[in-house]
Amino acid sequence: MEGQTPGSRGLPEKPHPAAAAATLSSMGAVFILMKSALGAGLLNFPWAFSKAGGVVPAFLVELVSLVFLVSGLVILGYAAAVSGQATYQGVVRGLCGPAIGKLCEACFLVNLLMISVAFLRVIGDQLEKLCDSLLSGTPPAPQPWYTDQRFTLPLLSALVILPLSTPREIAFQKYTSILGTLAACYLALVITVQYYLWPQGLVRESGPSLSPASWTSVFSVFPTICFGFQCHEAAVSIYCSMHKRSLSHWALVSVLSLLACCLIYSLTGVYGFLTFGTEVSADILMSYPGNDMVIIVARVLFAVSIVTVYPIVLFLGRSVMQDFWRRSCLRGWGPRALADPSGLWVRMPLTVLWVTVTLSMVLFMPDLSEIVSIIGGISSFFIFIFPGLCLICAMGIEPIGPRVKCCLEVWGVVSVLVGTFIFGQSTVAAVWEMF
């Protein structure tokens, strides 16, 4: 892509977005992308393999998804360069117009809010199971007050999550992302090793089914795959924070990140499914004995992994509120002295507000499973639909050869159609489960 003139037949390089500080190395970008993708979906992959009907159908779904996932990341990097914007919602608004931009902001905020709630719920569940495991040797009695989620989760949020979420730039998250990625790798390693060592007390289903019950069941796991590899919301912010922002380099970063995630997800999915077959739990750790010390460590490290990805989601959700604050101040609706939304006096209240709202939803709305199940469908907007629309709109303003332009427009249309199908299928399934 480098070295092409605007009249050449490829995608020309564009000026770098100027709104973000270029402080992120390529390796840091890889780790942040990986950590954004290696979230709560890791626990669900063995169940997804079971639902798809076996290893081969699930692998096919994963490989097809990977093509669109990498494509979406590359398109978002290119769209950020074309539009000169430094946030996902800014790119969509700049290329697709204010109407679609407002739709993107609304979906973006709701999606990230629900993801934050899901992450806190997973952290709370892991803490609860950990306390149960540590106290399992005592006689049956009411659990101590300090093991209740209503105490442990606010305490963890105040002492750990909130300080990690306050930095101004996403580049800071590269340090915690390394730790979170290693913790996710440990979970995949434990599930793989447990299959071969077969510890005492582990019951395995003999001869798990290796063929799908129907093609409908194969398609139904697309939302789970999408939720697992969901890192596209962070793509623009990561790209704009990198030292080297050439499109070919960003494509390499995207491919390496998703291939590493694919390896971790595949090991977890394959060996979790081969171990428990169709009896595997939606949370793979629930299928193992609770008193196994290896599983207890895995539970702790997985909670650490989710704690490190929550600040990334909060950073992205806060960016939407910061954009709204900036526009409000420019229109005279707010104090001009606080017009810079990245300043401490604006950033800190928004951070505290986000943590408080998501924590309250977890503590006071105990049954969120139906709402959270729609996340996989909403994520299709950010993985398929909005990148496809950005690509189509960029072709309308870019001087590109007609043949290349036609191919890219067709790919944009295909991305939009695939995303619409996944959103419709997952939303209908979620609504059906609710009623």
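Note: Cβ is positioned from N, Cα and C throughout, glycine not excepted.
Those TrEMBL annotations? Automatic predictions, nothing curated.
Away from its own ends, the transmembrane segment (20-43) comes close to residues 73, 86, 115, 118-119, 122, 169-171, 173-174, 176-178, 180-181, 184, 187-188, 224, 227-231, 233-235, 237-245, 249, 253-254, 256-258, 260-261, 264-265, 268, 282-285, 302, 305-306, 308-309, 312 of its chain (Cβ-Cβ under 8 Å, at least six residues beyond either end). Residues or ranges marked as transmembrane segment by TrEMBL: 20-43 (among others).
Look at TrEMBL and you will find 24-423 tagged as domain 'Amino acid transporter transmembrane'.
Annotation source TrEMBL lists transmembrane segment at 55-79 (among others). Listed by sequence, the residues of this chain that lie at least six past the ends of the transmembrane segment (55-79) yet keep a Cβ under 8 A from its Cβ atoms are 11, 14, 33, 48-49, 88, 91, 95, 210-212, 218, 221-222, 225-226, 229, 231-232, 235-236, 239, 245, 247, 250-251, 254-255, 258, 262, 265-266, 269-270, 273-274, 382-384, 387-388, 390-391, 394, 411-412, 415, 418.
TrEMBL lists 178-198 (among others) with the feature transmembrane segment.
Marked as transmembrane segment by TrEMBL: 218-239 (among others).
Outside the transmembrane segment (251-274), and at least 6 residues removed from its termini, the chain residues within Cβ reach (under 8 Å) are 26, 29-30, 33-34, 37-38, 41-42, 45-46, 48-50, 54-55, 58-59, 62, 66, 69-70, 73-74, 77, 184-185, 187-189, 191-192, 194-195, 208, 228-229, 231, 235, 242, 280, 284, 287. Feature annotation from TrEMBL assigns transmembrane segment to 251-274 (among others).
Summarising the annotation, TrEMBL assigns transmembrane segment to 294-317 (among others).
Nonlocal intrachain contacts for the transmembrane segment (344-365), taken as residues 6+ away from its ends with a CB within less than 8 angstroms of a stretch CB, comprise 113, 116-117, 120-121, 124, 149-150, 153-154, 157, 161-162, 165-166, 168, 314, 317-318, 321-322, 325, 338. Marked as transmembrane segment by TrEMBL: 344-365 (among others).
As annotated by TrEMBL, transmembrane segment applies to 371-397 (among others).
Under the heading transmembrane segment, TrEMBL lists 409-432 (among others).
With Cβ pairs under 8 Å as the measure, the transmembrane segment (409-432) is packed most heavily against 218-239, out of 178-198, 218-239, 294-317.
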